[in-house]
Amino acid sequence: DLRQCTRNAPGSTWGRCCLNPMCGNFCCPRSGCTCAYNWRRGIYCSC
C-alpha cells in the first residue's frame, strides 16, 4: 500500500516512495536489506 510507504529523504526525487527499509537518508534497494550504522547514523544498506 503506497500510503504506508516511507517518503524518500531530500536528495531523492520528490514524490517517490520507499517500500524498502530506509537507511540514513536513502532507500535500500531490496526489502530484505538491513541498515548498517556508524555512531547511530545509517551509513549503508547490507543486502
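Just so it is clear, glycine is given a Cβ too, placed from its N, Cα and C backbone atoms.
Annotated disulfide bond per Swiss-Prot: Cys18-Cys27 (among others), in sequence order.
DSSP gives Cys23 (disulfide bond) a strand state. The disulfide bond annotation in Swiss-Prot covers Cys23-Cys35 (among others) and is backed by similarity to another entry.
Per Swiss-Prot, disulfide bond is recorded for Cys28-Cys45 (among others). Annotation note: Cys28 (disulfide bond) sits in a coil segment as assigned by DSSP. Around the Cβ of Cys28 (disulfide bond), 20 further Cβ atoms fall within 10 Å across all displayed protein chains.
In the structure as shown, the Cβ atom of Cys33 (disulfide bond) sits within 10 Å of 16 other Cβ atoms. Marked as disulfide bond by Swiss-Prot: Cys33-Cys47 (among others).
Among the features that Swiss-Prot reports, hydroxyproline is placed at Pro10 (among others), with the record citing experimental evidence.
Residues or ranges marked as hydroxyproline in Swiss-Prot: Pro21 (among others).
What Swiss-Prot records for Pro29 (among others) is hydroxyproline. All chains included, 11 other C-beta atoms sit within 10 angstroms of the C-beta of Pro29 (hydroxyproline).
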Subset of recorded positions (Cys28, Pro29, Cys33, Cys45, Cys47) lying within 10 A of Cys18 (disulfide bond), CA to CA, in sequence order: Cys28, Pro29
Integer Å distance between the CA atoms belonging to Cys23 (disulfide bond) and Pro29 (hydroxyproline): 10
C-alpha spacing of Cys45 (disulfide bond) relative to Pro21 (hydroxyproline), in angstrom: 9
Whole-number Å value for how far Cys33 (disulfide bond) lies from Cys27 (disulfide bond) (Cα to Cα): 10
Conformational class of Cys47 (disulfide bond) under the three-state DSSP mapping: coil
